[in-house]
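These notes are about the structure you will find just below.
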Amino acid sequence: MAAIYGGVEGGGTRSEVLLVSEDGKILAEADGLSTNHWLIGTDKCVERINEMVNRAKRKAGVDPLVPLRSLGLSLSGGDQEDAGRILIEELRDRFPYLSESYLITTDAAGSIATATPDGGVVLISGTGSNCRLINPDGSESGCGGWGHMMGDEGSAYWIAHQAVKIVFDSIDNLEAAPHDIGYVKQAMFHYFQVPDRLGILTHLYRDFDKCRFAGFCRKIAEGAQQGDPLSRYIFRKAGEMLGRHIVAVLPEIDPVLFQGKIGLPILCVGSVWKSWELLKEGFLLALTQGREIQAQNFFSSFTLMKLRHSSALGGASLGARHIGHLLPMDYSANAIAFYSYTFS
């Protein structure tokens, strides 16, 4: 039977599996819930991966008892070697027919491998946030990715938290809100289905669910699109924080990445980028200021890109490469540019 390669995109909110033939054709897809082992634990993580892969195998007409040739896992929280090793051991021990070979990479590495063979910057803003630079020689550098207790700036969680905190601080008279809190306060009570601030505490502590809390970001986006000044302010600040992540990795970027016809390629991953127009002003401000402070004359332009396919495709490619097989990839079909900018 012809070899089949698998890839997993594992996010903090949802996950996806792709099965790919040895000539690069996508055979089947399956999706599921979060596979971030830091959030849900190793046991639940491997069970969800196994269930999704087997569902994809059945869709592709493949016997679930026939192992994949390789499975490349592009996981949120996939950059800790010891945790990755434990995850692979669990997959091998509990599900021996899942795959012959495994490779665990970060969600950023899977994303960039989907979009380009040459490297670039991946800027993730979904439930959480992260920025990873992959240079042409494969070396990596990064900023962020430390989770909601230490960062996640510019993410859906961060936007939701900023909104809630501004309301709390304003009512407490601790800090004046930059704009009227009326819309955000009512949206907060409605989203969490509570009558007052005390009701919010249950969602912050006893019943805290990062994905659920981050979902409040959608209400802030709706407010911003309707013209609410505070919602627009929060998104502008989120754009600024995301831009500062790019500024942080500028000194580590191989100059070759600045020299292509599209400038520095920045791959934007995560649902917050759907609100690019709300992020744009703060993002450009942070990049312009950071470029000037660092005197980064090489950095003259950039292009923002988004994936047309799941980063599971890049995961499959990296997993295949790990065992010596190069999957054919049509990079022009895998990613599309949505914004370009040249500094004056």
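Cβ atoms are placed via backbone N, Cα and C, with glycine included.
On a predicted model such as this, the values are computed, not experimentally measured, just so you know.
Cβ contacts within 10 Å of Ala2 (N-acetylalanine), excluding its own Cβ and spanning all protein chains shown: 8. According to Swiss-Prot, the N-acetylalanine annotation covers Ala2, on the basis of a large-scale study or a structure entry.
Cβ neighbour count for Ala214 (ATP binding site): 25 (other Cβ atoms within 10 Å of its Cβ, all protein chains included). The annotation ATP binding site is assigned in Swiss-Prot to Thr13, Thr127, Ala214, Ser271, Ser275 on the grounds of a large-scale study or a structure entry.
Reduced to three states, the DSSP call for Ser129 (N-acetyl-D-glucosamine binding site) is strand. According to Swiss-Prot, the N-acetyl-D-glucosamine binding site annotation covers Asn36, Asp107, Ser129, Asn130, Gly145, Trp146, Gly147, Asp152, on the basis of experimental evidence.
Positions annotated as phosphoserine by Swiss-Prot: Ser76. According to its DSSP assignment, Ser76 (phosphoserine) is coil. In sequence order, Gly10, Gly11, Gly12, Thr35, Asn36, Thr106, Asp107, Gly128 are the residues near Ser76 (phosphoserine), counting only same-chain partners six or more apart with C-beta under 8 A.
The phosphotyrosine feature in Swiss-Prot is assigned to Tyr205; the stated evidence is experimental evidence. In the three-state DSSP scheme, Tyr205 (phosphotyrosine) is classed as coil.
The 10 Å shell around the Cβ of Tyr205 (phosphotyrosine) contains 8 further Cβ atoms across the protein chains shown. The N-acetyl-D-glucosamine site in the record is lined by Asn36, Asp107, Ser129, Asn130, Gly145, Trp146, Gly147, Asp152, and its two most distant CA atoms lie 15 Å apart. One way to see the shell of the ATP site is to take the Cβ centroid of Thr13, Thr127, Ala214, Ser271, Ser275; the remaining same-chain residues with a Cβ within 8 Å of it are Ser125, Gly126, Ser155, Ala156, Tyr157, Gly215, Cys217, Arg218, Gly270, Val272.
Separating the Cα atoms of Tyr205 (phosphotyrosine) and Gly147 (N-acetyl-D-glucosamine binding site) is a whole-number distance of 16 Å. Fewest other C-beta atoms within 10 angstroms, among the binding-site residues Thr127, Ser129, Asn130, Ser271, Ser275, are seen around Ser271.
Checking each of the recorded positions (Ala2, Thr13, Thr127, Ala214, Ser271, Ser275) against Asp152 (N-acetyl-D-glucosamine binding site), the C-alpha distance stays within 10 Å for Thr127.
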